Amino acid sequence: MALKIKIPETSQSSDEYSRWTVYHIEVAFPNGGKHVVFRRFNEFVALDAQIRPNDYNSRLCKLPSKSWVSSTVTNEKLRESRRLALQAYVQCLSETPWIKMPVVKKFLNIKDESEDETQGQFLGPTDWIQVFQDCKRNLHMYRVDLMSGKSITIGVQTKNVYAIKSLMDNLSESLDKLELANALGPGEILRRKDMLEQLGSEFLSFKRLVKNANSPVAPPSASSQLNSSNPSSPFRPLSASTDKQSNTSLNRVLGKNRMPETQTTKKLDNVGLYNMQNQTMEDQDMQAESLLPIIQRQKELSKMINQEVVEQNSMLDELSNEAYANQKKLHRTRAGLRKLG
């Protein structure tokens with residue numbers, strides 16, 4: 001079982017009593033599949049206590065010692081050094097005989113037939129974004145091919161629909177697991193759910209396009225075309241009322257709401273309108289991406305400010321304790337002076 005195990009990143013989690021560091025263990029299988037397991041440091045300690053007695057030749061890496069002075073929540077250097085030490089530890093676990101132990105398999109969330117497991121791969125926070133972008137890119141490409149009239153068989157179109165649906169299901173399941181594991185903040189979870197909802201709307205639109213493209217269209221009969229009483233007949237006499245009805249029926253609808261025609265859209269057919277909408281959305285995406293570095297910088301500043309506030313609170317607590325101790329000493333000194341006086 002040639003596994004590649006690493007700890008690429010960490011995150012913070014908390015409850016009403018304390019905060020702690022969560023280590024993201026990424027397990028990659030030989031077939032290309034991978035998943036992420038979230039563990040705390042005390043879970044590493046519990047695992048080591050179970051398997052350390054079996055280390056007769058001292059081949060297993062040692063766990064980093066627990067620090068009673070500083071915390072990985074506030075000390076970034078300590079958190080990084082512990083991450084590297086734990087990464088070396090889990091890489092030792094990928095070797096025989098440790099990887100064959102049931103307790104290690106349970107710790108790494110590895111099933112007995114993990115080499116053949118290719119479905120339902122759990123995505124970490126970074127992989128989730130990459131798969132989402134690939135899914136959106138593929139959906140856009142399939143839709144452009146369909147709208148441009150390329151000769152694509154029904155089987156290929158159906159395969160594309162199921163491929164996108166499978167990726168979206170995996171994204172949804174992985175996001176639920178990330179939320180349960182507190183691997184992402186509530187704001188980021190909500191943002192990614194909105195991204196999935198928007199992608200789902202685009203997917204439903206693509207499914208309707210595939211269905212309409214594959215459904216046979218009955219040709220109009222000659223009698224209906226030549227019948228002047230038919231409202232759509234080209235031989236029907238024009239009048240004010242009929243012209244108004246025809247204009248209303250021939251308005252193109254893009255999306256849910258009916259948009260008024262402009263000088264630009266009147267010159268375009270359906271494919272041109274679709275390409276124009278895509279170009280508009282790409283421009284909006286570029287504007288959003290240009291704002292991303294600013295938002296990330298603000299996030300980093302917020303984290304630095306939060307860390308500074310935590311350190312200042314700790315210093316104030318120490319100062320308060322020292323002031324309380326000095327006050328007690330002062331009371332004792334005054335009491336002694338009263339006895340002497």
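A Cβ is built for glycine as well, from the same backbone N, Cα and C atoms used for every other residue.
Not measured: the values here are computed from a predicted model.
Per Swiss-Prot, compositional bias 'Low complexity' is recorded for 214-233. Annotated compositional bias 'Polar residues' per Swiss-Prot: 239-251, in sequence order. As annotated by Swiss-Prot, domain 'PX' applies to 1-115, with the evidence given as sequence analysis. Look at Swiss-Prot and you will find 278-340 tagged as domain 't-SNARE coiled-coil homology', backed by sequence analysis. Taken from Swiss-Prot, the feature region 'Disordered' applies to 214-265.
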Task: Summary of DSSP states over the domain 't-SNARE coiled-coil homology' (278-340), given as helix, strand and coil counts - done: 63 helix, 0 strand, 0 coil
- [ ] Mind tallying the domain 'PX' (1-115) by DSSP state, helix then strand then coil?
- [x] 44 helix, 27 strand, 44 coil
